[in-house]
Amino acid sequence: MRSKTFSVLSSCLLLIATVQGQLSGSVGPSTSISDKKAVKTCNVLDYGATNDNKTDVGQPIMDAFEDCGSGGVIYIPDGDYLIQEWVSLENGTAFAIQLDGVIYRNGTTTSQGYMFGISGGSDFELYSSTSKGAIQGSGYLYHMNGEFTAPRLLHISDVSHWSVHDIALVDAPMFHFVIDDASNGEVYNMAIRGGNSGGLDGIDVSGDNIWIHDVMVTNKDECVTVKTGSHNFQIENIYCNWSGGCAMGSLGSGTNVSNIVYRNIYTWNSNQMYMIKSNGGDGEVSNLLFENFIGHGNAYSLDLDSEWSSMDTVDGDGIFYRNITFKNWKGTETDGESRPSIRVICPEATPCTDITIEDVDLWTEEGDSETYVCKNAFGSGACLKSDSSSTATYATTTTVTSAPSGYSATTMAADLTSAFGTDASIPIPTIPTSFYPGATPYSALAGSS
């Protein structure tokens, strides 16, 4: 919960962020928590919930929403709660959920879908006043049996002016947090921790005017990934701590993405520092900035791949990528010769234009050389060709045999030394206070005040 003074400071910081980044307007709830509490507080304990991890809290939350969903705060006090009935809250206005307890998925339920879904409406906030609230999905109970088509944890859909902050999402049976066609939102001060397997995405996001910052993700798939239909995003201070890494896609027919900034992204022992992935399709991706990236121990680094083999080819001449800048990248990857540290692969029928690779200094951890691969990509830097007016297609590989100056980069104290498996319970993490070397989080943890 933010004080009035802090709200003013946050607004000033947001103004700075809007000027420096790609946000198109204000983000977050329209009214404060104190204003919402002044209307009404609905304690789930008064609606039949008990914090004994035995009695379903899902229905009490939905019953509390009937009284507080048009103005007020649904309060889930400290303690352990069992969820059996999935929560679906639709078209609420001027309400919040204060999750100070921990919600555990009932391990015997076979329900699919989203455990916690908020759809429609506006002026919404999900937060923990102690920064200790969490949703524990106990996904390992599925994964240990080889099941990965399973419930998801949190879904924000078609909501305007909202925020999610100061909570942890843990061990999702499938995806952790999906933001779908939402607008004017803010996500911050979160820890997401999942099993070491594909399909356990951290944050997947689409919509307009969304600020995601100060988030740590551990899993084996998407860290913070932008989907088609995304515009005016600012994503910064992201800690992919043994993850799949951040990405865009996969993109197919009718792709429409513009005005996206990723800044201050730290990636440790993940699949990639950043990947844009498509295979065929059509549409346009434009006006992207990827600035201040640090990586260590990753399989791939800078990877724009319009021939991504992990997806089926989609009908179309390929997506048109234009005006994309990669700037100030440092660090290492595991094997820069067998997996190029810079790879920009663009469609033959729709070459990429206005691509800039500037101060991208990466080096291999194995061997003594690395490669850059470019195909049908025009701009400046690395192996890119400069003449986009040419109709000739091309493909080139450049071998680098000496480490670039300035590639060395710091590590983070919380870098994991091993992954979390898929056959045992995953502990709930403490939300960190640092998400990128030298960068101060925009908002102090709610529990620190």
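The first residue you see is number 1, and the count goes up from there.
Every residue, even glycine, has its Cβ placed from backbone N, Cα and C.
As given in Swiss-Prot:
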{"type": "ACT_SITE", "residues": "ASP221", "note": "active site, proton donor"}
{"type": "ACT_SITE", "residues": "HIS296", "note": "active site"}
{"type": "DISULFID", "residues": "CYS42-CYS68", "note": "disulfide bond"}
{"type": "DISULFID", "residues": "CYS223-CYS240", "note": "disulfide bond"}
{"type": "DISULFID", "residues": "CYS346-CYS352", "note": "disulfide bond"}
{"type": "DISULFID", "residues": "CYS374-CYS383", "note": "disulfide bond"}
{"type": "CARBOHYD", "residues": "ASN53", "note": "N-linked glycosylation site"}
{"type": "CARBOHYD", "residues": "ASN91", "note": "N-linked glycosylation site"}
{"type": "CARBOHYD", "residues": "ASN106", "note": "N-linked glycosylation site"}
{"type": "CARBOHYD", "residues": "ASN241", "note": "N-linked glycosylation site"}
{"type": "CARBOHYD", "residues": "ASN256", "note": "N-linked glycosylation site"}
{"type": "CARBOHYD", "residues": "ASN323", "note": "N-linked glycosylation site"}
{"type": "SIGNAL", "residues": "1-21", "note": "signal peptide"}
Worksheet entry | Distance, HIS296 (active site) to ASN91 (N-linked glycosylation site) (CA atoms, angstrom) | 43
Fill in: Whole-number Å value for how far CYS68 (disulfide bond) lies from ASN106 (N-linked glycosylation site) (Cα to Cα)
25
Worksheet entry | Candidates CYS223, ASN241, HIS296, CYS346, CYS383 (recorded positions) - the one closest to CYS68 (disulfide bond) by CA | CYS223
Practice prompt. Could you say whether, by DSSP, ASN256 (N-linked glycosylation site) belongs to a helix, a strand or a coil region?
Written response: strand
Worksheet entry | disulfide-bonded residues listed as CYS68, CYS383, least Cβ neighbours within 10 Å | CYS383
Practice prompt. Determine, using Cα-Cα distances only, which of these recorded positions is closest to the residue listed as 'active site': ASN53, CYS223, CYS352, CYS374.
Written response: CYS223
Discussion item. I'm trying to understand the geometry here, so how far is the Cα atom of CYS374 (disulfide bond) from the Cα atom of ASP221 (active site, proton donor), in Å to the nearest whole number?
Written reply: 25
Worksheet entry | Alpha-carbon distance [ASN323 (N-linked glycosylation site); CYS383 (disulfide bond)] in Å | 17
Item to complete: Take the Cβ of ASN106 (N-linked glycosylation site) and count every other Cβ within 10 Å, whichever protein chain it belongs to.
Response: 17
Practice prompt. Provide, as an integer number of angstrom, the distance between the C-alpha atoms of ASN323 (N-linked glycosylation site) and CYS352 (disulfide bond).
Written response: 8
Item to complete: Out of CYS42, ASN53, ASP221, CYS223, ASN256, CYS346, give those recorded positions positioned within 10 angstroms of ASN241 (N-linked glycosylation site), comparing C-alpha atoms, in sequence order.
Response: CYS223
Worksheet item: Sequence gap of 6 or more, C-beta under 8 Å: which same-chain residues meet both conditions with respect to CYS42 (disulfide bond)?
Response: ALA64, PHE65, ASP67, CYS68, GLY72, VAL73, ILE74, TYR75
Practice prompt. Rounded to the nearest Å, what's the C-alpha distance separating the residue listed as 'active site, proton donor' and ASN256 (N-linked glycosylation site)? Just drop the number here, would you?
Written response: 23
